[in-house]
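Now, the feature entries from Swiss-Prot:
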- 1-159: domain 'Obg' (DOMAIN)
- 160-323: domain 'OBG-type G' (DOMAIN)
- 166-173, 191-195, 213-216, 280-283, 304-306: GTP binding site (BINDING)
- Ser173, Thr193: Mg(2+) binding site (BINDING)
Amino acid sequence: MKFVDSAKISVKAGDGGRGCVSFRREKFVPKGGPDGGDGGRGGHVYLRANKQLTTLLDFKYRKSYIAGRGGHGLGARKSGKDGKDVIIGVPCGTVVRNVETGEVICDMVEDGQEIMIAKGGRGGWGNQHFATATRQAPRFAQPGEPGEEYELEMELKLMADVGLVGFPNAGKSTLISVLSAARPKIADYPFTTLVPNLGIVRYEDYKSFVMADIPGIIEGAAEGRGLGIQFLRHIERTKTLLIMVPSNTEDIAAEYATLLKELEKFDPSLLSKPRLVVITKMDIAPEDFTMPELEKGVKVLAISSVAGQGLKALKDELWRQVSLQNQSPSEHAGS
């Protein structure tokens with residue numbers, strides 16, 4: 001399935017039905033009073049978060065959503081039917097903005113979360129409401145009110161426990177394919193991963209966490225170089241960053257510093273997230289390789305996804321980090 005993480009749509013709630021002009025017509029009551037019913041309300045438009053959805057692809061093909069119009073009022077004080085509501089499913093992690101104002105309307109985070117995005121118009125009153133002592137046979141009724149109408153911009157930010165960060169060919173796709181059932185494209189050239197991939201990593205005792213493979217960052221990504229900020233935003237919602245540097249990198253410390261700099265330029269708050277560093281591709285490490293000391297308080301592990309080296313220790317540490325975040329996100333945000 002094609003991955004799409006931004007889309008624009010228009011939504012239109014239903015107009016309210018018009019009120020009815022009607023008079024009682026019964027045997028022996030030749031001049032009955034007004035009995036026009038009210039119009040039904042227009043249908044509302046809702047957004048509903050659905051964890052089964054992973055892309056905004058559907059909105060590339062359908063860009064307009066219109067709820068049903070309210071039914072018109074009838075005689076004998078019968079109200080028109082309410083218009084049919086429209087419920088639009090979106091992936092968890094979708095941020096919705098009003099195109100005209102730029103205002104963020106909602107952030108759809110929880111599965112099943114639902115919000116009314118456009119309210120249907122109120123139905124008009126029938127002529128029964130306008131009878132008075134001096135006007136006993138009103139020959140008018142209210143029209144229905146128009147439903148709300150908006151242009152919306154949607155942006156998907158993937159929700160994962162662990163975000164993989166590294167230059168192209170750091171081994172991110174290989175790692176996620178080994179630890180989970182995800183099957184990203186893997187090849188020995190830069191930018192093999194062109195879209196984010198999500199994988200569920202199974203841990204002991206039926207525990208699991210979600211890992212996101214973000215397309216490779218290059219220097220200048222925050223300014224739009226390479227794949228640019230198109231996918232950097234997907235790191236924002238991750239709880240823990242797993243920064244990956246290959247063992248055969250000429251200057252591991254410099255590459256690590258560059259990755260942190262790109263994250264900081266995009267969003268300084270990313271550096272407050274817990275992070276773990278892994279030196280990858282240990283199966284092809286130089287003979288004189290030594291483990292680097294990169295930053296005080298940041299753990300560094302060595303792995304080889306191909307040889308299976310260090311993967312158990314990595315899963316243990318990632319689970320520890322994710323568990324801390326799940327227990328007390330605010331307390332451990334900078335740990």
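Placement of Cβ uses the backbone N, Cα and C atoms for every residue, glycine included.
Since we're looking at a predicted model, the values are computed, not measured.
Ser173 (Mg(2+) binding site) and Pro215 (GTP binding site) have their C-alpha atoms 9 Å apart, to the nearest angstrom. Counted within 10 Å of its Cβ, the other Cβ atoms near Pro215 (GTP binding site) come to 23, all protein chains included. A simple way to gauge crowding: the CB of Ser304 (GTP binding site) has 21 other CB atoms within 10 angstroms, across all the protein chains here. Here the binding-site residues are Lys172, Lys281; the one with the fewest Cβ atoms within 10 Å of its Cβ is Lys281.
By neighbour count, meaning other C-beta atoms within 10 Å, the densest spot among the binding-site residues Asn169, Ser173 is Ser173. For Gly166 (GTP binding site), the Cβ neighbour count at a 10 Å cut-off comes to 24, with all displayed protein chains included. A helical conformation is recorded for Ser173 (Mg(2+) binding site) in the three-state DSSP classification.
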